[in-house]
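Noted in Swiss-Prot for the protein shown:
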type	residues	note
BINDING	Ala17, Phe18, Ser19, Gly20, Gly21, Leu22, Asp23, Thr24, Ser25, Ala43, Gly129, Thr131, Asp136, Asp194	ATP binding site
BINDING	Tyr99, Asn135, Arg139, Ser192, Thr201, Glu203, Glu280	L-citrulline binding site
BINDING	Thr131, Asn135, Asp136	L-aspartate binding site
Amino acid sequence: MTTILKHLPVGQRIGIAFSGGLDTSAALLWMRQKGAVPYAYTANLGQPDEDDYDAIPRRAMEYGAENARLIDCRKQLVAEGIAAIQCGAFHNTTGGLTYFNTTPLGRAVTGTMLVAAMKEDGVNIWGDGSTYKGNDIERFYRYGLLTNAELQIYKPWLDTDFIDELGGRHEMSEFMIACGFDYKMSVEKAYSTDSNMLGATHEAKDLEFLNSSVKIVNPIMGVKFWDENVKIPAEEVTVRFEQGHPVALNGKTFSDDVELMLEANRIGGRHGLGMSDQIENRIIEAKSRGIYEAPGMALLHIAYERLLTGIHNEDTIEQYHAHGRQLGRLLYQGRWFDSQALMLRDGLQRWVASQITGEVTLELRRGNDYSILNTVSDNLTYKPERLTMEKGDSVFSPDDRIGQLTMRNLDITDTREKLFGYAQSGLLSASSATGLPQVENLENKGK
C-alpha cells in the first residue's frame with residue numbers, strides 16, 4: 001500500500017488537521033470541490049493566540065467538511081510538558097538559555113490524538129499543513145503511522161495540482177472570495193508564529209536573517225522586556241514540587257495541571273521569562289533559526305533543577321543532563337514514543353524525578369534575570385554543617401583529609417609520568433617556566 005499519496009484521492013474520506021487559517025480553509029474547500037470527502041479535526045492545545053475554539057469547527061462545516069470535531073488536547077499536552085521537565089528533555093541551548101521543545105511536544109500530542117479521532121470515524125487518510133522543508137512533516141508522519149498502521153498521507157502542499165491552482169496566499173484568498181466566502185488575508189507579519197499552551201515559536205521571513213533580532217517580535221505569552229518603557233516590577237514566586245510533579249504556585253494548589261500551567265505562564269509571562277533566540281539543526285541537518293517563548297515551562301524548569309542540584313549526587317546529575325539532552329533530541333526528531341525514548345524517560349522519572357520534593361522561592365525581574373531566594377526540602381543532601389568554615393564539630397578531621405590527599409599521590413605520580421612520556425614522543429614540549437611539559441604554542445607551529 002502506498003503510504004504517501006501525491007494526488008487527491010477522489011471519493012474518499014480525508015482527515016485534515018484544520019486550524020481555521022487561510023491555508024487549511026482553502027485546502028478543505030478545494031478538496032471538497034474536487035470530489036474528496038474532507039473531515040476536519042482541530043486540536044485545542046490552549047493556543048494563547050486563539051480566541052474562540054468552538055468557531056473553528058463551524059467554519060470547517062461552512063467550507064464543506066463532512067464532519068468537524070474539536071479535540072481537547074490540553075491535559076495530555078501539559079502531562080507531556082511536565083514529563084519533559086522531569087527528564088530535562090531539552091537539547092538546544094545558547095548561552096545558558098534553553099529551548100523547551102514546546103513545538104515538538106505539541107506535535108507528539110496532536111499527531112497521536114487527531115489520528116486516533118480520525119480512526120474512530122473510519123478516516124484513514126490524513127493531511128496537514130506542514131511543508132517538505134520542515135520538521136513537522138516527519139513528526140506527523142511518524143506519530144500518525146504509530147497510531148494507525150493503515151494510515152495514508154495526503155498533503156495538498158505536496159500535490160502539484162493544488163500548487164498549480166492555489167500556490168500562494170494571494171491565490172488562496174482570491175479562491176475563497178470567488179467561492180462566496182469573504183475571507184481576507186490577515187495582515188502579513190514580519191515572521192510566522194506557531195503556539196500552544198507550553199510555548200510559542202516565531203520564525204521565518206525576516207527572522208531568517210540573523211540581523212533581525214528578538215526586538216522585531218511581539219510576544220504573545222510575555223512582554224517586551226528589552227523595551228525600557230515597559231515597566232516590569234520585581235516579583236517573588238514560590239514553586240512547590242512533590243515527587244517531581246509541580247503542585248503549587250505561591251502556596252496555591254490547582255484543580256488540574258492545565259490550570260497550574262496557565263498560572264505559571266501568567267507569572268513568568270509578566271517578566272518575559274523563558275524567551276530565547278536559537279540557531280538549531282533541523283531533522284534534515286539544515287540549520288534554522290527561531291525565537292521562542294515558554295514562560296511557564298521556564299519557571300518550573302528553574303525550580304526543578306534547583307531542587308535537583310540540592311538533592312542528587314554529582315554522578316546522578318551528570319546522567320540527568322546527558323540523558324536529558326539525548327532524550328530532547330529524540331523528542332525534537334518526532335521519536336518521543338520510540339522505545340529508546342521510553343527507556344530514557346523511565347529511568348529519569350523513576351530514579352531522579354521521584355525524589356524532587358520541596359519548595360523554591362525566586363525573585364523574577366526582567367526577561368531571564370532572576371535570583372533564587374530560598375530552597376527548602378526534606379530530601380536535601382546539601383548540609384552546610386558538613387563544610388562549615390566555623391569552628392565546631394565536623395564529620396571528618398584534618399587527619400582524615402591528610403590521608404585522603406596522600407592517596408592522591410598514586411594518580412598524581414601516574415599523571416606526571418605520562419606527561420614526560422608525551423614529551424619524549426614529541427606530543428608535548430618542555431617548559432622552563434613551569435617545569436612541566438606543555439602543549440606547544442600554536443603560534444610557533446609551522447615556523
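Including glycine, each Cβ sits where the backbone N, Cα and C put it.
There are 14 other CB atoms within 10 A of the CB of Gly21 (ATP binding site), with all protein chains counted. Between the alpha carbons (Cα) of Ser25 (ATP binding site) and Glu280 (L-citrulline binding site) lies a span of roughly 31 Å. Of all the binding-site residues listed here (Ser19, Thr131, Asn135, Thr201), the one with the fewest other CB atoms within 10 A of its own CB is Thr131.
The shortest Cα-Cα distance from Thr201 (L-citrulline binding site) to any of the binding-site residues (Ala17, Gly21, Asp136) is found for Asp136. Straight-line distance linking the Cα atoms of Glu280 (L-citrulline binding site) and Gly129 (ATP binding site), rounded to a whole number, equals 22 Å. With Ala17, Phe18, Ser19, Gly20, Gly21, Leu22, Asp23, Thr24, Ser25, Ala43, Gly129, Thr131, Asp136, Asp194 listed as the residues that bind ATP, the site has a largest C-alpha separation of 19 Å. For the recorded L-aspartate site, residues Thr131, Asn135, Asp136 set the reference point as the centre of their Cβ atoms, and the other residues of that chain within 8 Å of it by Cβ are Ser130, Tyr132, Lys133, Gly134, Ile137, Glu138, Arg139, Phe140.
Within the set of binding-site residues (Asp136, Glu203, Glu280), the lowest number of other Cβ atoms found within 10 Å of a Cβ is recorded at Glu280. Neighbour counts of Cβ atoms within 10 Å were taken for the binding-site residues Ser25, Gly129; the minimum is at Gly129.
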